[in-house]
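First up is the structure itself, then whatever we jot down about it.
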Amino acid sequence: MRAVVLALTVALVVPEFTPGKTYVYNYEALLLGGLPHEGLARAGIKVNSKVHLSAVTENTFLMKLMDPLIYEYAGIGPKDPFVPATKLTSALAAQLQIPIKFEYANGVVGKVFAPAGVSPTVLNLHRGILNILQLNLKKTQNIYELQEAGAQGVCRTHYVISEDPKANHITVTKSKDLSHCQERIMKDVGLAYTERCAECTERIKSLIETATYNYIMKPASAGVLITEATVEEVHQFSPFNEIHGAAQMEAKQTLAFVEIEKTLVVPIKADYLARGSLQYEFATEILQTPIHLMKISDAPAQIIEVLKHLVANNVAMVHEDAPLKFVQLIQLLRVSTLENIEAIWAQFKDKPAYRRWLLDALPSVGTPVIIKFIKEKFLAGELTLPEFIQALVVALQMVTADLDTIQLTASLAMHEKIAKMPALREVVMLGYGSMIARHCVAVPTCSAELLRPIHEIAAEATSKNDIREITLALKVLGNAGHPASLKPIMKLLPGLRTAASSLPLRVQVDAILALRNIAKKEPKLVQPVALQLVLDRALHPEVRMVACIVLFESKPSVALVSSLAGALKTETNMHVVSFAYSHIKSLTRITAPDMAAVAGAANVAIKLMSRKLDRLSFRFSRALQLDYYHTPLMIGAAGSAYMINDAATILPRAVVAKARAYLAGAAADVLEIGVRTEGIQEALLKSPAADESVDRITKIKRTLRALANWKDLPNDQPLASVYIKFLGQEVAFVKIDKTIIEEAIPIVTGPKPRELLKAALKALQEGIAWQYAKPLLAAEVRRILPTAVGVPMELSLYTAAVAAASVNVKATITPPLPEEIETMTLEQLKKTDVQLQAEARPSIALQTFAVMGVNTALIQAAVMARGKIRTIAPVKVAARADILKGNYKVEALPVEVPEHIATLSFETLAVVRNIEEPTAERTVPLVPELAVQNSQTHSDYLSSENQDEVPVRAPAPFDKTLCLAVPYIEIKGCVELHSHNAAFIRNDPLYYIIGQHSARATVARAEGPAVERLELEVQVGPRAAERLLKQISLIDEETPEGKAFLLKLKEILETEDKNRPECHVVTTGNNFYLAPHGASKKVSSGSSASSFERIQKQAKFLGNAVPPVFAVIARAVRVDHKLLGYQLAAYFDKPTARVQIVVSSIAENDNLKICVDGALLSKHKVTAKLAWGPECQQYAVTAKAEAGVLGEFPAARLELEWERLPITVTTYAKKMSKHIYMAAFQAGFRLERVMNSEKEIELTLALPNQRSLNVIFRIPEMTLSRMGIHLPYAIPINPDGSLSIQIDEDILSWIQRHIKEE
């Protein structure tokens, strides 16, 4: 019976507004952003008003706001109140109180009408109220679900209708899942090239949006009366997993019935224009950056003011706020007309500094006006070619991709001036394809007609066999990635019953690569085509391998991957087999969520393939994919590398490397670089180098000879090509052919370089003073979403940077250079003394803003993370090169440094500002340092149950100063650290980040005598000994002084040994013999040591017999003239083939030395000893390397022996040795626990044949070995250990002749 009564009640649920009456409601809308914890700051707005509703006709109504009030908030709840925005309310009062008209029937809002004087922003506030009235009530159901239209789009909505007979009212609960919408109203900026990683957000969400509507209705004569309606909407975002904390944007609305009046709402005397429907209308917030609010009254004048500020304050060094000012300049240019921009350009185009700032800012503006401006100025000859290319490349990627801009770009590509410059036309055409791709992201139903001109170009070029034009068309289609291009591309694919087989190989490869972006949208269309190409054995191996790349990027199913694996069992081309197998195997290790299904398919397929393929060498083609994905933080990175080899040559045919990134549920192919050597390969295939019967060394020689004869190549055959993709879009490609080389050689060897050198040297002698500043808008990523209130919220990330440098350089050349530099001889150059003085002050300022909150042209209320970095690194140097005397000196001179050479700060704030009071901005730190904090949530705070909880006080900020004084040069560096976060609330990453963090680095003079300069001097030749500041000698152990010194050192070392841990090692007799070529195996390995010791005994110190070959002195010159620094002397004794290097301190009474002593004992043996400490007697390590025969195999051995090592070295070595076991096991080594020599490490390598390697590695506690390691390339070595390389005399003579010609 109850169900029947409820059904009858439901049948009457239709909201009613009776004609002739005015329904009065109290309305309050609240929008707050921040973290949902009491004690943390939040920012928001509130609107209070009375709402009057009157019926005009049966289905047409008027709504008027009475006494509207706007409040703003930036504070800490619950103590901080909302503050009335009096001036803003007054400015908008007239507009807010204009009645609007709307259609309303059966609870559904239809068209909305308003006079032209009502701005979109104000009308959206009205839509927020109308959105409450939107009720799709069914007469036969009380629980149901549908896709309902609302202010935010058409979204999944769940209804629950119930009645309360006692209270005589009906309750309707409506919940919306804003994450599942059939049509979502939003605007994305800077996200067109990103891919939504659906798999990344299946279990973990970064953005959650939901809304709940509660209605209380009372029965009326013809339906029901809405007596109260409340709305709660939450937008929750975190760059990490939301369970680790998230920022929230919370919207609340209350509409409460007050009374019914007889005074009707009267429309104003103006035309009521159709202004759309209930759906939100985007206004000027798209042009409004959320990081500042500017009242733009005279855009040209404000642009000039900002421009002058940037030019004036970024000369010597960059201004701290230059990045923010640069963003302001961009915002002002966005609201400027073409006429305004042209007037500013005319005023400043002849002023280089202003011109550079304008040309750097204009491309980032992103409005169609800029493309038109750049086009007109280039065609008028006011832009140089480099300026035009730089501006156009950025502008084409930043501009709004609408139909008008696409047509403008198309007309630019077809212009005759552009067409005469092939490289420039390529840039425009590639940008045209990218623009279509971005347009189709914004408009998924984009027309294929946009690509018709490119399809026609491809068809015409194919009929004319114009290879260059076909290639360009394919790359444009690849950037666009439209499924309608599949058929035109397939006509150029080989093996698909087309004439494409007659096209060059590079065109076939480009055609396959053009499918990659199409595969991201329609993988089912591309996968059969790619698989067919991979399996077609009649095709060139490179074509098949490129098709394999496309196949796996399209994320094939397990059936497709298994089909490929099965077909490879009978494949005869080892390059294809190696490439596909390595690709499948690398995919088995992929952890990125969007590739999880492919990784599973690869794990199935790899079991169907032979494990013998693991042993294929690296000379075969290979693919490699590595990635890392951290699920809790929703962040990851992946890298792919593809190497396509050819059996005929030593050079790979193609090498491709790609980097991919994952963040907050999105993925993007950040960068890709590809190199192809197609022309070189085809030329080599026609040369004797392609002969498969010859060995690899012969192939190398023939390849070098073929490359030397590049002039014999055809003009239309490119030697190599390089392409670069950024965010999945090809932005540039270069083909190197014979023509380019022929044009480049005269440029490099002709008179122009000499003229440039002459001009540069003349300018250096006169002195160069140069200032330069370069700004960059590195990131602008935005998502704008309407809220239930009718006010837009925004998630955005901005990064801007400005680099500046001032450089002063002057050179003095003695004797002066001749007027004709090319006549200068080598002897004249040797007699030249060059002195150079340079001072530079490079500096960089970078600012990053992450914003979540309200962003309109009238008011902004948001939580913001703001990061700043500023570095200044002044340097002043003097250099001198006296070539005749062999003396070269560089001096670092004192320079004035700022108080802080580097500052880094990061803070999170709650900010509110309005356009009527731009200077009254209120900013509150998100985590107040002295505030009393409470760990309860905002929803807990709203209830009264938790009011008695004991508050938690935030811990004191972390402050620390770390200083380090550099000895000798008396410089002290300090880093001041400050940190205060919200980790006391939750131990999660987000709460560690929010707060205030800063670091400042200072460099100052330490206590002690001042340093005049730092010197680094090199003296080569017989005068080296004269430049040494302190005589170098080594103590003789046989003299009384030497014996006394050694006795004292022994006492010091014994004291040190007491602190060492005891270690008992039993040495086994596992030594082996490595015989030299043709010698008996009985020759001991210790013979090399004895020979070296004998040479050392003959002359302890070579400096007593021979002068140094060269000397290096590094020192600090102080005002007290005290010697501080180090000097190095190198000696060479030719009869004994011995080299000795001694590094010693030049300070008085400092006998610390580092000695390196080495000798070539024979053609197969070399020994060196490194000793350091007082008189090089404290620590020592000896290294021995020899080559010979081990058993029957050629081998090499390296031994390291030590007498003493510092405690720190031995401690860390023991820690590392604990990880050797697992690392060696994973690498396939066999381990044997043997106590080898306590102070020796030995590595032995033997070659059983040219393609395998045996390894034996002995360390004190174990022996590691691995036999038969397969080598990717054959080692050209004979069984007796000699190398089987013969120098080709023709090639050698060609190299010598080429050097002489130069």
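Just so you know, glycine gets a Cβ as well, placed from its N, Cα and C.
Residue density at Cys181 (disulfide bond): 20 other Cβ atoms are found within 10 A of its Cβ, drawing on all protein chains shown. TrEMBL lists Cys155-Cys181 (among others) with the feature disulfide bond.
Counted within 10 Å of its Cβ, the other Cβ atoms near Cys200 (disulfide bond) come to 25, all protein chains included. Residues annotated as disulfide bond in TrEMBL: Cys197-Cys200 (among others).
The domain 'Vitellogenin' feature in TrEMBL is assigned to 17-655.
According to TrEMBL, the signal peptide annotation covers 1-15.
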Quick one: Cα separation, Cys181 (disulfide bond) versus Cys197 (disulfide bond), in Å?
17
List every residue in the same chain as Cys155 (disulfide bond), at least 6 positions away in sequence, whose Cβ is under 8 Å from its Cβ.
Gln147, Glu148, Lys176, Asp177, Leu178, His180, Cys181, Gln182, Arg184
Can you give me the same-chain residues 6 or more apart in sequence from Cys197 (disulfide bond) with a CB-CB distance under 8 Å?
Pro593, Asp594, Tyr662, Gly665, Ala666, Ala667
Mean pLDDT over the domain 'Vitellogenin' (17-655): what is the value?
88
